[in-house]
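First comes the structure, then the notes that go with it.
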Amino acid sequence: MAVKKPGGLAGIEAGSTAISTVGKDGRGLTYRGYSIEDLAEHGSFEETAYLLIYGKLPNIDELTNYRKKLGEASRLPETLKRILELLPADAHPMEVLQVGCTALGTMEPETASRTTADLADRLIALTGPMLLHWYHFHRGTIKDIAAPPSSKPEPAEAAPIVLTADTDEDVPSESQLSAAASQPSSASQPSVNSKPQQSDPQEYDYNNYTVAGHFLYLLHGRHAERLAIRVFDVSLVLYAEHEFNASTFASRVTASTLSNYHSCIATGIGTLRGNLHGGANEAVMELITSFETPEEAEEGTRARLAAKQLIMGFGHRVYTVSDPRSDIIKKWSETLSLWAQDSQLYAISEAIEGVLRQEKGLFPNLDFYSASAYHFMGVPTSMFTPIFVISRITGWTAHIMEQRLNNRLIRPSAAYIGPDNQAWADVHVRF
Ligand SMILES: CC(=O)SCCNC(=O)CCNC(=O)[C@H](O)C(C)(C)COP(=O)(O)OP(=O)(O)OC[C@H]1O[C@@H](n2cnc3c(N)ncnc32)[C@H](O)[C@@H]1OP(=O)(O)O
Ligand SMILES: O=C([O-])CC(=O)C(=O)O
């Protein structure tokens, strides 16, 4: 087992929270007392978001109304579209989200009549549309996908498993998956960074709105397969909240100065972007696609470790035994790899995991298998960390609210290690 170094506030209790527990017994995770396993298996992202923001699981009426509220909130204001269109095509997607979030704050600021929960719901619903509007605008693909089509759309091309965006059906069985895996591939199969088709979009069915289904619909210009929606939804549940991680802590620091809601979230986005935190899921994708075979991956990983390089998607500040979210997303990544008829990527990922366990006693964190899962759904790599944002807005919001309820400015002390007793020198005589 790797030894933890001092510094970085490691092991310091920097406050208290009633929102989640991380790493009890080295491995567990709960949101408001509910295990991550239950939430990911039985719940949905909307239920998780409601739990975090409103403090309880919604009943059926509350959930229906909540989905309706999010669906209605998911239409981009025209001014925001114009602002996003002005951003460069090669801007970093996380900066696009920071700008979008801050711009929204100027148009719909926090007021007494707009609660923090309202602002959060609006942002959860709009983050995907903001990103995808900017993305499609610059690629010249699917001009304004959220607008109703002018004529009746053609039915979508058949997928290996034809699934609808209905929310009540079960995901495909293992036998369906094996059958699908033996079929020849079709044009609608997931392929990373494939150019979205220039097509007359289907009208989105807002009666069945889910954050996951809406994102994939806006990305691909058609309703996604049920399996993809399910796994995307699970990933949002897993990414939603994680106690005093760096981006949440940064948001709480901003909240503690009595700053406004959108500034707290923009702080979180900026902090999440780095490769040691949320940015790791994109770095993982670069790593696993740099290898052609599992054998090459094993050899290459050993070489990187020998060169003292970090392997992205491994290790964790708090978990010491395992990251429970990784076990969940790993299973889904394996299922998706069958569905996408992947012959190498999942095996390459497992080969890397084997080396890290053997050589360093390190386990994968949530970011490692999330990368291949998103890839199999046809999500471009540059959107992996922005998707993390959509989900983590819920956790950030819960913490901003908690901080505000019992606020004291967060301002620690530092041990001074610089020089003392410096003699003043005039500007003209300084070296
Ligand atoms: C959703 C999330 O944000 S999860 C985190 C995503 N980030 C990553 O996956 C980036 C890769 N991982 C890391 O850099 C680290 O494990 C972190 C940042 C997650 C945690 O950092 P820390 O708690 O400071 O771990 P720390 O640096 O003390 O690690 C202890 C030892 O394990 C090694 N180690 C930790 N993670 C890794 C890794 N991913 N690859 C190789 N070695 C590693 C360290 O180099 C260190 O060894 P050393 O003492 O010989 O220098
Ligand atoms: O807790 C952390 O340090 C990082 C993490 O896993 C998360 O934010 O989900």
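For all residues, glycine too, the Cβ spot is worked out from N, Cα and C.
Summarising the annotation, TrEMBL assigns region 'Disordered' to 168-204.
Look at TrEMBL and you will find 173-191 tagged as compositional bias 'Low complexity'.
Under the heading compositional bias 'Polar residues', TrEMBL lists 192-204.
Using a 10 Å Cβ-Cβ cutoff, His316 (active site) registers 21 neighbours. A coil conformation is recorded for His316 (active site) in the three-state DSSP classification, outside any helix or strand. Residues or ranges marked as active site by TrEMBL: His316 (among others).
Under the DSSP three-state reduction, Asp367 (active site) is assigned to helix. Asp367 (active site) counts 29 other C-beta atoms within 10 Å of its own C-beta, drawing on all protein chains shown. The feature active site is assigned by TrEMBL to Asp367 (among others).
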